[in-house]
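Everything below concerns the one structure shown next.
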Amino acid sequence: MDHGENPVSIELQESAEPVPQLLKLISSNEVADFDSIMEGETPVFPNPTNSSQPDGHQRKLSISISMPSSPTGATSAGTKNVLFVQDNAKGFKNGVPESCVGSKAKPKGVKFLSQPMPKGSVFWEGANMNQNPNVKKFKDKRFDSFKTWSGKLERQLTNLRGRQQESESEDDSVRPSENEALPVDRYFDALEGPELETLRASEEIVLPDDKTWPFLLRYPISSFGICLGVSSQAIMWKALATATSTKFLHISLTVNLILWWISVALVAIVASIYLTKVILYFEAVRREYYHPIRVNFFFAPWISLLFLAIGVPPSVASSLPVALWYVLMTPFLCLELKIYGQWMSGGQRRLSKVANPSNHLSVVGNFVGALLGASMGLKEGPIFFFAVGLAHYTVLFVTLYQRLPTNETLPKELHPVFFLFVAAPSVASMAWANIQGSFDYGSRIAYFIALFLYFSLAVRINFFRGFKFSLAWWAYTFPMTGAAIATMRYSSAVTNVVTQTLSVILSVVATLTVTALLVTTILHAFVQRDLFPNDIAIAISDRKPKSHRRWFNLIRHGSSEHNADIDTFLKFANGDTKDIEAALKISSAEAK
């Protein structure tokens with residue numbers, strides 16, 4: 001056989017005859033010039049024992065194959081006869097039998113037919129099997145109910161690629177209503193604990209609990225507490241450099257400048273991540289907003305911006321425009337009209353029902369805004385917010401002090417939020433001093449209240465020990481920093497060794513606390529990667545679970561309230577008892 005390329009001609013001839021038998025003996029004379037050898041020629045066949053062939057060897061063997069047009073057409077009645085010949089084969093001219101050259105019928109030309117790849121082909125299935133696990137987690141349809149577009153764009157792109165879509169009936173059965181917010185009753189029915197963060201044993205969540213959720217779904221609004229702690233440090237070091245009572249420390253404003261720029265970068269990063277969550281997972285943000293406790297943390301982003309405005313270094317801006325104050329205080333007014341109205345109107349969101357130390361965030365913003373407005377030279381606006389904050393802080397303070405017997409005590413993990421008691425009176429003392437023009441008796445009363453609360457919590461060391469690190473620890477930071485700044489203001493009015501020493505001590509404690517928490521947060525976020533667990537509070541179902549799941553959840557979680565009934569169930573649900581419901585109907589009294 002020649003070593004050069006020898007093209008093969010393929011002729012497809014339509015056949016209307018039925019499918020031939022699998023084996024059929026035919027004579028070579030039935031087809032003109034098929035597998036025939038002219039007289040006088042010696043047939044040459046390849047040596048089966050020797051794979052090598054001499055040069056100039058000519059193969060004069062033709063093959064006829066009957067095969068379907070495609071694998072999918074194997075059952076069709078018509079078949080296509082495919083004839084493979086060589087260009088120089090005997091009895092053929094240009095791939096056409098010589099018997100057909102002189103005939104009037106024009107032979108059919110060579111056709112190359114390509115069959116379309118069916119939908120759901122092996123190619124796509126193989127590609128999906130080799131996908132990255134992170135991509136699989138991102139495309140998990142169980143998270144579609146929290147996506148802003150509910151995965152509609154992804155389904156449209158999938159249809160364009162020709163892939164078959166699975167039935168959406170199962171997804172719709174577990175998907176919550178996309179246009180209706182969860183009623184507040186569901187939060188109290190499905191969650192327990194003072195912060196409403198723990199799922200009840202009889203409840204289920206709409207997101208998978210056996211895997212880690214996407215990062216944005218685990219990123220809570222309480223992350224802005226980090227911004228509060230760092231930005232308040234910029235204010236404290238500015239006060240250390242400018243206060244008359246701390247001039248002996250010779251603190252440079254460079255520290256304030258560095259901390260302020262760090263705070264700006266941190267606020268920008270945290271806000272950008274949460275804004276991305278708003279865009280991609282709006283349903284998760286809405287559930288946080290309607291959460292009776294989480295809604296208080298929506299004040300934190302705006303308080304952080306107020307802290308940046310108060311702590312701005314003189315080298316960056318010697319004065320701020322008055323319009324900035326009105327822009328920053330508008331969100332406070334809108335949120336307070338909603339939350340304070342709910343406290344007063346009653347229902348499930350009444351203050352006696354949702355009272356929690358995190359409610360201080362909704363109050364302290366009034367005093368921070370009054371402090372900034374008074375420093376700008378405003379009068380009426382700061383007094384208005386100071387009055388609103390003072391009225392609601394008094395009500396909140398009394399409500400938290402005399403918690404009803406039905407209210408649950410805070411677990412150890414949430415003990416740091418008790419320091420929020422110190423934040424409001426500390427900032428209120430400085431705000432009233434700016435409004436009045438001096439650190440008078442009103443400011444001193446508020447400062448002494450804050451100082452007493454600070455010491456009453458600081459001496460209870462065991463109260464703040466023995467629990468795992470979480471974002472709640474940042475509740476230590478800006479109340480401590482606020483107390484240190486208020487002490488400097490008081491020391492400037494009453495200057496002596498005691499007040500100056502107290503200012504330095506509280507400043508050092510606040511700085512060490514913020515530094516330690518910042519380092520610990522970085523380690524848990526990037527090294528241990530356990531800073532943001534699955535946020536169970538936003539994944540509750542919009543309807544109560546079925547009753548038949550209740551017993552299995554109780555057995556799994558071991559609820560103490562139903563131990564007697566569980567023992568009865570296990571006693572009578574033996575091998576002879578086929579009906580579980582019958583075993584459940586047996587009361588504990590009958591079992592005895």
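Even glycines carry a Cβ here, placed using N, Cα and C.
Whatever TrEMBL says is automated annotation, not expert-curated.
Since this is a predicted model, take the numbers as computed values, not measurements.
Residues or ranges marked as region 'Disordered' by TrEMBL: 39-59, 159-178. The compositional bias 'Polar residues' annotation in TrEMBL covers 47-59. If you look up TrEMBL, you'll see 216-237, 257-276, 297-317, 323-340, 361-378, 384-402, 414-433, 445-464, 471-490, 502-527 marked as transmembrane segment.
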Per the definition of 3+ C-beta pairs under 8 A with sequence separation of 6 or more, do the transmembrane segment (502-527) and the transmembrane segment (216-237) touch?
yes
Of 216-237, 257-276, 361-378, 445-464, 471-490, whichever stretch has the most CB pairs under 8 A to the transmembrane segment (323-340):
361-378
With CB pairs under 8 Å as the measure, which of the listed stretches 257-276, 361-378, 445-464, 471-490 comes out on top against the transmembrane segment (384-402)?
361-378
Tertiary contacts of the transmembrane segment (414-433) (same chain, 6+ residues out, Cβ under 8 Å):
194-195, 356-358, 360-361, 363-364, 367-368, 370-371, 374, 382, 386, 389-390, 393, 397, 400, 439-440, 442-447, 449-450, 453-454, 457, 463-464, 467, 472-476, 478-480, 482-483, 485-486, 489-490
